[in-house]
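J.: From Swiss-Prot, here are the annotated features:
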type	residues	note
ACT_SITE	HIS90	active site, proton donor
BINDING	TYR23, ALA58, TYR59, GLU60, THR82, ILE83, ILE84, ILE115	5-amino-6-(D-ribitylamino)uracil binding site
BINDING	ARG129	(2S)-2-hydroxy-3-oxobutyl phosphate binding site
Amino acid sequence: MKIVQETISTKTKKNIAIIISRYNNFINQHLLDGALDILKRIGQINQKNIPIIHVPGAYEIPIIASIISKQKKYNAIIALGTIIKGHTLHYSHISHAVNSGLTNISITNNIPISIGIITANNIEQAIERAGTKLGNKGSEAALTALEMINIINILAQNK
């Protein structure tokens, strides 16, 4: 049995697009900072190879991810945002639509889309997941993107 497993490495040139929601920007900026730190420091990716596309809210992320994925210029996409539960069902609908949309785009277009979108019951939970107590979901998304690029490269070489 062959096991395909890869670490985060800097073997190949990588182009990774980041799509980030402006809604809840005070939280999302921490996600972006975490992602960029990982991509530059660990991934050794040049800033010019990391376009950052700002969209109004999390709901708008999938359409931009779809357009970017079809360009075939990027090895991965990182989606960043924050969806906070309110007193309506809006939170549930948005969360489901965004995650389903990104998953479908990833599978359809064979590009890893790393989801660093916080879904939280309240603003305190969101802040904790953006780098205070519970790690940084932006950093985690960047690490996942780097690892997925390497796994896909290994699978492509072993055809």
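Every residue gets a Cβ built from N, Cα and C, even glycine.
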J.: Hey, how far is THR82 (5-amino-6-(D-ribitylamino)uracil binding site) from the residue listed as 'active site, proton donor', Cα to Cα, in Å?
T.: 13
J.: Given the recorded positions HIS90, ARG129, which one is most crowded in terms of C-beta atoms within 10 angstroms?
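T.: Per the Cβ count, the most surrounded site is ARG129.
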J.: Any idea what DSSP makes of TYR23 (5-amino-6-(D-ribitylamino)uracil binding site), helix, strand or coil?
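T.: Reduced to three states, the DSSP call for TYR23 (5-amino-6-(D-ribitylamino)uracil binding site) is coil.
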J.: Measuring Cα to Cα, tell me the gap between ILE115 (5-amino-6-(D-ribitylamino)uracil binding site) and ARG129 ((2S)-2-hydroxy-3-oxobutyl phosphate binding site) in whole angstrom.
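T.: A Cα-Cα distance of 13 Å.
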J.: Roughly how many Å separate the Cα of ALA58 (5-amino-6-(D-ribitylamino)uracil binding site) from that of ARG129 ((2S)-2-hydroxy-3-oxobutyl phosphate binding site), to the nearest whole number?
T.: 16
J.: Below 8 Å Cβ to Cβ and six or more residues apart, same chain only. Which residues does that give for TYR59 (5-amino-6-(D-ribitylamino)uracil binding site)?
T.: ILE94, ALA97, VAL98
J.: Rounded to the nearest angstrom, how far is the Cα of the residue listed as 'active site, proton donor' from the Cα of TYR23 (5-amino-6-(D-ribitylamino)uracil binding site)?
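T.: If we compare the Cα positions of TYR23 (5-amino-6-(D-ribitylamino)uracil binding site) and the residue listed as 'active site, proton donor', the gap is 14 Å.
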J.: On the three-state reduction of DSSP, what should I expect for the residue listed as '(2S)-2-hydroxy-3-oxobutyl phosphate binding site'?
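T.: Once the DSSP labels are grouped into three classes, the residue listed as '(2S)-2-hydroxy-3-oxobutyl phosphate binding site' ends up as helix.
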J.: Using the structure shown, find which entry in ALA58, ILE83, ILE84, ILE115 (the binding-site residues) has the sparsest Cβ neighbourhood within 10 Å.
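T.: It is ILE84 that, of the binding-site residues ALA58, ILE83, ILE84, ILE115, has the fewest other Cβ atoms within 10 Å.
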J.: What Cα-Cα separation, expressed in whole Å, is found between ILE84 (5-amino-6-(D-ribitylamino)uracil binding site) and HIS90 (active site, proton donor)?
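T.: Counting only the Cα atoms, the answer is 10 Å.
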J.: Between GLU60 (5-amino-6-(D-ribitylamino)uracil binding site) and the residue listed as 'active site, proton donor', what is the CA-CA distance rounded to a whole number of Å?
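T.: Answer for this pair: 15 Å between alpha carbons.
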J.: Any idea what the Cα distance is from ILE83 (5-amino-6-(D-ribitylamino)uracil binding site) over to HIS90 (active site, proton donor), rounded to a whole Å?
T.: 10
J.: Cα-Cα separation of the residue listed as 'active site, proton donor' and the residue listed as '(2S)-2-hydroxy-3-oxobutyl phosphate binding site', in Å?
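T.: Here the two Cα atoms are 21 Å apart.
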J.: Near the Cβ of THR82 (5-amino-6-(D-ribitylamino)uracil binding site), how many other Cβ atoms are there if near means within 10 Å?
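T.: Result for THR82 (5-amino-6-(D-ribitylamino)uracil binding site): 28 neighbouring Cβ atoms inside 10 Å.
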